[in-house]
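K.L.:
Residues annotated as signal peptide in TrEMBL: 1-19. Among the features that TrEMBL reports, disulfide bond is placed at Cys46-Cys80, Cys204-Cys207, Cys255-Cys296, Cys457-Cys461, Cys472-Cys484, Cys486-Cys495, Cys528-Cys563, Cys550-Cys555, Cys616-Cys621, Cys623-Cys634, Cys644-Cys653, Cys650-Cys720 (among others). Residues or ranges marked as domain 'EGF-like' in TrEMBL: 582-593. Per TrEMBL, transmembrane segment is recorded for 727-755.
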Amino acid sequence: MDLFLLVTAILSLCASSSAQNLDGSMDFLLVQAASPCNDAKTCGACIVLDPSCGWCTQGNFSDAGSPRCDTIPNLQMQGCSDITSPNSTVVINRDIPLSDAGGQSQDAVQVKPQEMTLKLRPGQPAKFSFQVRQAEDYPVDLYYVMDLSKSMEDDLNSLKVLGARLAEEMSKITRNFRLGFGSFVDKVVMPYVSTVPAKLVSPCAECQAPYGFRNELTLTTDTSQFATTVEGLQVSGNLDAPEGGMDALMQVTVCTEEIGWREMARHLVIFTTDASFHYAGDGKLGGIVTPNDGVCYTSSSNDHTYTMSSMLDYPSISQLNAAMREKSIIPIFAVTQAQYSVYENLTHFIEGAQAAVLAADSGNIVEIVKQNYAAITSKVEVVDTAPENITVSYTAICLDGVPQPDTQVCEGLSLGDTVSFDVEVVANSCPASRESSFTIRPIGFSEDLTVNVEYLCDCECEGRGEANSPHCSGGQGTLECGSCKCNPGRYGRTCECSSEDPTIEDSEATCRAGNSSIICSGRGSCVCGDCVCFPRPNPLEVVSGTFCECDNFSCDRHRGKLCGGDENGVCVCDEASRKSKCQCKPGWSGPSCACSTGTETCIAANGEECNGYGKCVCGACVCNATSNYSGEKCEECRACPGKCQQNKDCVECKAFGTGLDPEQCDRCPYEVITVTGDLQIPNGSERCLVPDDDGCSFIFTYRQFSNGTFVLYVLDEKSCPEPINPLFVIIPIVIGIILIGLLLLILWRVLIYLWDRKEYKQFEKDRLNAKWEMGENPIYKPSTTVHKNPMYGKA
């Protein structure tokens, strides 16, 4: 019913040619019919239902039957002066300006603001902006993790030479630089490593014993120690191709104190290897079934070696990604060409990761570090940890200053550049806990924006009501937020109804029309099983009906007037259809009483209603579908013989004296007037061009006057064509005959030629294939005979 009222109102507005005469009642109808708020029974449920809803806490507001939860304009129009409708707000708690680092200082600020509090009303967005800057001279912690299996021996030798150069190049990028080193082989368990006792001591010539991961050098500013540490290392050996690099990366990530990671620094890990990696589940090959727990098991008390390598499975990629994201660590995979595709795919699953091709002897490691550090610092990409019930959308404003909606990345940056992001946060629902928090962080940054969230899912007036209030039917409920919260066994607007009433089994069910789920058509409240319709601001407008389905203001309109105006009809409730409908007064009909029942405007020229071929409906002719007549008064008949054809004989005989004989011509009923010069075509007539028996043609028209007189007008001269010169006919015919003869002759000659050529080719073919034999007389007998002695040569 709500939908019907809304559509009816919209159609009425569109059909009206003078909408300016409508008062504000129609606008209010549209707002009320589309209101999503009326179903809420409490203040808290109201403000959660939709951001457009508000709750009226005014004490006597609902006495007239109006709903307390409605749109703000509706509540104001109904006289509510105390409305609860909280809005989402943003409060910045910490906003330290952006700054660069100086010397060894760690006071650089790269994210602004640093903390804020959002009060979120479900469905209503909170908007704010934050800035990110790639600070110059920002501290960098670079940890080098190397595969020390036998195949990496030449790479180790190169690193011994390049270590000092690496430290020198990084010091050009930032003065606050620290360098560390770690190595890995694989789990000391079959089938990864040979467990033959001798192999456990020295798996290969000049090799050290195998191990999982070892922190060789904690991050330090003394870069000379890096070269010294690498100089003293030896390679080791294992059996299978994949290595235990994932174990090493997990320990490097979670062992903050052992590795020496600083909180306010950029964390980079250089990972070098020439083999692929084991991951979660591979440990079962060695009988290791305990999943990796992501805990640090590397410390100085155990020779800086990963002690749980042989007892815990390898970490999964997602587990490693989560740990690196939490610690703001970015890995750079420097691997050989053969393994590049493997680690390039891996970068898609680890936030901020980079991959590069390592030379056979690691000679390009310094360039790899420089290039990838430049790539990392040239881009800012933000991510967040918002819970599922919160939607966060971003608009990036990069160096060009142009907003880029739904974008979280700015590229092409240099150190010192500042970019900003406009953020919109929307709470989609209310969680059980009314407070939560999440962070927004640029990938690879140790700084972030902490966003504290307070959900506006409850009204301040809830929880401090007046128990057993006299306003609630003499103490049958608690007065809270202006409405009654009924005691058990009571219900109704003021708790006036009792659930023990035997005549009402389901109060709300009796307030719904048919299969509708809307109580009282959305325009009333259910009180003890009966609909009480909401009042209208205009006292002349009334909502009525058993389910408040009718009213006296939403019927069809004509020329901006309800039911065509008071003189045409009135808007009433049709009990049969349960809809508002126009009841027309005598002399009027139609949905909006806009049709006159008189027939004066339908009389044709012959005095008949619609020329006898139709009916007068709403002051206009509706021609019979079975007749051939149409037009305004059903006077046109395109399928009937035309007036030109009907009158041509009379016009010819009266104007030119040809055609009909005199006796027939005298019986022609219409006057024929000869016209000299131009022939004017009257409205509703046509120009008739008719041929006669002599090959000429004449032009006439006609006119029918309102008194029924029919007059024919004809031009005084016929139009005859000029005679054709016979030569124009004979010469083309003769030329055509000659051309056709020549074409037939040529065609015959071509056919004869083709036939002769075919016969000649066949003759040549037969001649070449002929086989001639020498003939001999069949009765000829040779003159000599030959006899052979059978015993000759056997003696």
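Cβ coordinates are placed from backbone N, Cα and C, and glycine is handled just like the others.
Bear in mind that the values here come from a model prediction, so they are computed numbers and not experimental data.
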K.L.:
Starting from the Cα of Cys623 (disulfide bond), work out which of the disulfide-bonded residues (Cys204, Cys472, Cys550, Cys616, Cys644, Cys650) are within 10 Å.
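P.N.:
Within 10 Å Cα-Cα: Cys616.
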K.L.:
Using Cα-Cα distances with a 10 Å cut-off, which of the disulfide-bonded residues Cys46, Cys550, Cys555, Cys644 are near Cys255 (disulfide bond)?
P.N.:
none
K.L.:
If you count Cβ atoms within 10 Å of the Cβ of Cys621 (disulfide bond), leaving out that atom itself, what do you get?
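P.N.:
For Cys621 (disulfide bond), the 10 Å Cβ neighbour count is 25.
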K.L.:
Can you tell which of Cys80, Cys461, Cys484, Cys550, Cys555 has the least company, meaning the fewest other C-beta atoms within 10 angstroms of its C-beta, among these disulfide-bonded residues?
P.N.:
Cys461
K.L.:
Quick check for the class: what is the C-alpha distance, in angstrom and rounded, between Cys653 (disulfide bond) and Cys461 (disulfide bond)?
P.N.:
102
K.L.:
Return the residues near Cys296 (disulfide bond) by Cβ distance under 8 Å, restricted to its own chain and a separation of at least 6 in sequence.
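P.N.:
Set apart from Cys296 (disulfide bond) by at least 6 residues yet with Cβ under 8 Å, we have Gln251, Val254, Cys255, Thr256, Glu258.
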K.L.:
Fewest other CB within 10 angstroms, which one of the disulfide-bonded residues Cys486, Cys644, Cys650?
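P.N.:
So among Cys486, Cys644, Cys650, the disulfide-bonded residues given, the one with the fewest Cβ atoms within 10 Å is Cys644.
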K.L.:
By the count of other Cβ atoms within 10 Å, pick out the sparsest of the disulfide-bonded residues Cys207, Cys634.
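P.N.:
Selected from the disulfide-bonded residues Cys207, Cys634 on minimum Cβ neighbours within 10 Å: Cys207.
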K.L.:
How far is it from Cys204 (disulfide bond) to Cys563 (disulfide bond), counting Cα to Cα, in Å?
P.N.:
103
K.L.:
Of Cys461, Cys495, Cys634, which is closest to Cys80 (disulfide bond) if I measure between C-alpha atoms? They're all disulfide-bonded residues.
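P.N.:
Closest by Cα distance to Cys80 (disulfide bond) among the disulfide-bonded residues Cys461, Cys495, Cys634: Cys461.
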K.L.:
Which of the disulfide-bonded residues Cys207, Cys621, Cys634, Cys644 has its Cα closest in space to the Cα of Cys550 (disulfide bond)?
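P.N.:
Given the candidates Cys207, Cys621, Cys634, Cys644, the nearest one is Cys621.
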K.L.:
When you rank Cys461, Cys495, Cys650 by Cα distance to Cys621 (disulfide bond), which of the disulfide-bonded residues ends up on top as the closest?
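P.N.:
When the Cα distances are compared, Cys650 comes out closest.
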K.L.:
Want to know which disulfide-bonded residues, from Cys461, Cys495, Cys528, Cys634, Cys720, are within 10 Å of Cys484 (disulfide bond) at Cα; which are they?
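P.N.:
Checking each Cα against Cys484 (disulfide bond), the hits are Cys495.
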K.L.:
Restricting the comparison to the disulfide-bonded residues Cys46, Cys461, Cys486, Cys555, Cys720, which residue's C-alpha is spatially nearest the C-alpha of Cys528 (disulfide bond)?
P.N.:
Cys486
K.L.:
When the Cα of Cys457 (disulfide bond) is compared with the Cα of each of the disulfide-bonded residues Cys46, Cys207, Cys495, Cys616, which one is closest?
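P.N.:
Spatially nearest to Cys457 (disulfide bond) by Cα position is Cys46.
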K.L.:
Work out the three-state DSSP category of Cys653 (disulfide bond).
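P.N.:
In the DSSP reduction, Cys653 (disulfide bond) maps to helix.
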K.L.:
Reported in the order helix, strand, coil, what are the DSSP residue counts of the domain 'EGF-like' (582-593)?
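P.N.:
DSSP classes over the domain 'EGF-like' (582-593) add up to 0 helix, 5 strand, 7 coil.
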K.L.:
Do you know which of the disulfide-bonded residues Cys46, Cys616, Cys653, Cys720 has the most other C-beta atoms within 10 angstroms of its C-beta?
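P.N.:
Most Cβ neighbours within 10 Å: Cys46.
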